[in-house]
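Note sheet for the following structure.
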Amino acid sequence: MNEMLEVSAVALIAFASPIISQKVKVPAVILEIMAGFGLAMLFGSFASSEWFGFFSVLGLIFLMFLSGLEIDFALIIRKSKRYWKVPIYVFSSIALAFALTSIADLNVIYAVFLANVSLGIVMPVLKEAGMSSTEFGQKILLATFVTDLVTISLLSGIALGYRSSGSQMELLLPLLLFPAFIFAYYFGRFLIWHFPDFMARFFDDPMELGVRGSFAIMIIFSGLAYILGSEAILGAFLAGALISLVFRGAGKLEESLMGVGYGIFIPFFFIKTGVDMFNSIGEMTLYFPLFLLALGLVVKVIPAIILVRDFGAIKALGFGIIQSSKLGLTLAGAEIARELGIISSGEAVSIALWTVISALVFPTAFRLMVRE
């Protein structure tokens, strides 16, 4: 298919998907995956060019950057002690994920997929239900934030183990990312304290200085992660977290970055995911996505027993169900695992299908079960 026609198709899908999403109550990114599947079925060679692959990788990096940007560190710091059961829930679910992965004789990376939760699903569902500011909603958000932080670290660590040849230097070099992150944080706070007028331009500037600077930080951290032998997505995630921490919530800047990411770059990644699903669907077994769906539900629902005394059995069950929703990080992890040879293309398709089903079924079940 002609390259300009491919760009036109992506632009049209990126424009139409959020409009259709509001009508049918299906996440826009799911529609983009379905569109990629349909385009591959119609045209066969869709998204096969090198430049499309490049923009797909850039979309993945931007997705992880926005995932870090969405982390509300103020909420984590403020609520962790008061909501002490939430960290227990998170680490219990992660431990259970590793246990079930071992029992099922799956690669350890599946534990990350099972434990992960999609903030991009959870946040809109809570806002739509009017629960985001309630104690129940705040605990769900806290669990989501903490889970994202832990699972992205685990994913990067597992990928590093597969990439490295086992030398101590290769394993230690990526740790330099964290001193770089700390230095950048304090340097950012220094600039805000001593040059407040200049830093204010990050939020309100006709030249979009904030978007330009954020994009530069994302690319620098992604490149640094790659140079140090880690995953570019970890660098992108840390870049997003850095901006969230330095600016104590990015406000208008976050809205601008969301628009750029989900309006331009990220659709390339999700459409490419749909294309890859079609190309590898012959390698997939139908039972495996359903098996993963059941395992993911068990991992999230059983630890929620700890919340029964606080909210009752129905809400505790709803807590576990909404935490079972997968999306961006699961797909990103599957793509990385496939590239490293940890999983096959058929397994990657199964994970993508599991992700789509969970993003459709579990938020709907949560809405039906839980009422404030």
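Placement of Cβ uses the backbone N, Cα and C atoms for every residue, glycine included.
What TrEMBL records for 12-370 is domain 'Cation/H+ exchanger transmembrane'.
Among residues of the same chain six or more beyond the transmembrane segment (26-46), those with a C-beta under 8 A of the stretch's C-beta atoms are 1, 6, 9, 13-14, 17-18, 20, 120-121, 124, 262, 266-267, 270-275, 277-279, 327-328, 352, 356, 359-360. Annotated transmembrane segment per TrEMBL: 26-46 (among others), in sequence order.
Here TrEMBL flags 52-71 (among others) as transmembrane segment.
The feature transmembrane segment is assigned by TrEMBL to 83-103 (among others).
The transmembrane segment annotation in TrEMBL covers 109-128 (among others).
Summarising the annotation, TrEMBL assigns transmembrane segment to 140-159 (among others).
Sequence-distant contacts of the transmembrane segment (171-188) (same chain, six or more residues past either end, CB-CB distance under 8 Å): 156, 160-161, 164, 217, 221, 224-225, 228-230, 234-235, 238, 241-242, 245-246. Per TrEMBL, transmembrane segment is recorded for 171-188 (among others).
Taken from TrEMBL, the feature transmembrane segment applies to 209-227 (among others).
For 257-275 (among others), the entry in TrEMBL reads transmembrane segment. Beyond the ends of the transmembrane segment (257-275), by six or more residues, the same chain brings 10, 13-14, 17-18, 28-29, 32-40, 46-47, 52-53, 55-60, 62-63, 65-66, 69, 211, 214-215, 250, 331, 335, 352 to within a C-beta distance below 8 angstroms of the stretch.
Annotated transmembrane segment per TrEMBL: 287-308 (among others), in sequence order. Sequence-remote contacts of a segment are chain residues at least 6 beyond its ends whose Cβ falls under 8 Å from one of its Cβ atoms, and for the transmembrane segment (287-308) they are 85, 88-89, 92-93, 96-97, 100, 104, 110, 113-115, 117, 139, 315-317, 319-321, 323-324, 326, 347, 350-351, 353-354, 357-358, 361-362.
The transmembrane segment annotation in TrEMBL covers 348-370 (among others). Away from its own ends, the transmembrane segment (348-370) comes close to residues 25-27, 29-30, 33-34, 113, 118, 121, 125, 128-129, 131, 136, 273, 276-277, 280-281, 283-285, 288-289, 292-293, 296-297, 314-315, 317-318, 321-322, 324-327, 330-331, 334-335, 337-338 of its chain (Cβ-Cβ under 8 Å, at least six residues beyond either end).
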Leading stretch by Cβ pairs under 8 Å, where the reference is the transmembrane segment (209-227) and the options are 52-71, 83-103, 109-128:
52-71
Any chance you could find the range in 52-71, 83-103, 140-159 with the most Cβ pairs under 8 Å to the transmembrane segment (109-128)?
140-159
Intrachain neighbours beyond the transmembrane segment (140-159), with Cβ under 8 angstroms and 6 or more residues off its ends:
64, 67, 71-73, 75-76, 79-80, 83, 86-87, 89-91, 93-94, 108-109, 111-112, 115-117, 119, 122-123, 126, 131-132, 174, 230-231, 233-234, 237, 319, 322-323, 329, 333, 336-337, 340, 342
Same chain only, please: residues at least 6 beyond the ends of the transmembrane segment (52-71) with a C-beta under 8 Å from a C-beta of the stretch. Say none if there are none.
3, 6, 119-120, 123, 145, 148-149, 152, 214, 218, 222, 232-234, 236-244, 250, 254, 257-258, 260-262, 265-272, 328-329, 332, 335
